[in-house]
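The transmembrane segment annotation in TrEMBL covers 20-38, 44-63, 165-182, 188-206, 226-242.
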């Protein structure tokens, strides 16, 4: 009878990445509040902050609660290797099981910056993301299933060292906005125009950037969520510009 082996998720790496994302959201929200406060006359700023400071406190509370909840969920999950069965438990104790001897292929790759094992049978695809001591699990699966790993080195990260190259048009527009000589010849150049141009640039980049399947549910696609948010911002920007020129006035 083979020994039961338990593998936990790499909570340390997840916590680090989640902390970076959380602080990025906080900084963006604070910058958003500061920018909008500067667009308001001085006499109206006190009222503005009276509204937004409670919202900011609620926002911080929500982020902290979400951060702790995600850490708790990952810490409670585990992978159990028992004989020829692999069981994946979530924080609620629910179990997804797969017969290792039914495996036809095992692929190692990166998914959103995390190490991932993709197990494939005739019936389904079973991904395991961010597991601690992954090499030991892979070796054990290879031994039981009698298959060899495949390695996919494709980088699917949305943001990498090449990303700034795709935003060169936006960088050029930003420079032009603050160069008086160019601004005189092109009076439509303004911070608002740059914001609109940058958002269009971002949407085009997201549409053509690669994204690997998560093999669980495509509705959780990060790329789709970012495109949706960018489109909402785009329509708001267009509405604001049309309102400024009196488009909606009788």
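Glycine too: its Cβ is placed from the backbone N, Cα and C atoms.
Only residues 6 or more beyond the boundaries of the transmembrane segment (44-63), in the same chain, are considered here, and those with a CB under 8 A from a CB of the stretch are 22, 25-26, 29-30, 33, 36-37.
Below 8 angstroms of C-beta separation, residues 158, 163, 166-167, 169-170, 173-174, 176-177, 182, 223, 226-227, 230-231, 233-234, 237-238, 240-241 of the same chain, each at least six residues beyond the ends of the transmembrane segment (188-206), sit close to that stretch. A Cβ distance under 8 Å defines the sequence-distant neighbours of the transmembrane segment (226-242), meaning residues of its chain 6+ beyond its ends; these are 158, 192, 195-196, 199-200, 202-203, 206-207, 248.
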